[in-house]
Amino acid sequence: MYKKNIKIRNLGLRRIQDVCSSMNDFTITRKISTPDEIWLVQHYPVFTIGVSGTKHDVLVSNNIPIIFSNRGGKITYHAPGQLIIYVLINLFRRKLTVRRLILLMQNIIISTLKSFSIDSYILNNFPGVYVNNKKICSLGLRIRNGCSFHGMALNINMDLLPFEYINPCGNSFKMTQVIDIKPNLCFKIIKLMLMHKIREIFS
């Protein structure tokens, strides 16, 4: 009988190419018995363009690498101080629709932020999580053989300026981050709370 457990891996600061290669390999080779995993990681500065995006979404690259990704969505920016949450879930086994998985993922972020008295919300037709009409968390998924990969990016304490160089996720929302709302919070405390919320929802 299947037990709803989940493994959380803390990968530290890694090149996005290396992590995406490992994530693709994990998804392609996983079996029905393979435990679901969540990977927490930070990436070096990089723009990633999803399957719905084009290079026209880059206004100025400013020597930041641009990488095409097989995730859903358009363009976004990753850098240290942003917590990437890769969600490697077998939807069939958990009896989840894609829509339900996305709601669960967004609720993890909302619940985590609520723990620090930050009120956040979702918007119809605009995936992600928002605070005061600014985006604090981006979301882009891919499903292969009933299993999810890619995930979310929560802005915590990073340089937001490069978001001005792009049309993020194909919309005009400004970006925000936790440190701008609650300056005394640190990356580690937020990550620990997020891990707790992940286990609450997926275990």
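A Cβ is built for glycine as well, from the same backbone N, Cα and C atoms used for every other residue.
Some features that Swiss-Prot has for this protein:
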- 32-203: domain 'BPL/LPL catalytic' (DOMAIN)
- Arg71, Gly72, Gly73, Lys74, Ile75, Thr76, Tyr77, His78, Ser138, Leu139, Gly140, Gly151, Met152, Ala153: substrate binding site (BINDING)
- Lys135: site 'Lowers pKa of active site Cys' (SITE)
- Cys169: active site, acyl-thioester intermediate (ACT_SITE)
Three-state secondary structure, which DSSP defines for Met152 (substrate binding site):
strand
Cβ packing number for Ile75 (substrate binding site), 10 Å threshold
28
I'd like to know the mean pLDDT over the domain 'BPL/LPL catalytic' (32-203).
93
Please report the DSSP secondary structure of Tyr77 (substrate binding site), reduced to three states.
strand
Give the number of CB atoms, excluding that of Gly140 (substrate binding site) itself, located within 10 Å of its CB.
24
Taking every pair from Arg71, Gly72, Gly73, Lys74, Ile75, Thr76, Tyr77, His78, Ser138, Leu139, Gly140, Gly151, Met152, Ala153, which the record gives as binding substrate, the longest CA to CA distance in angstrom is 15
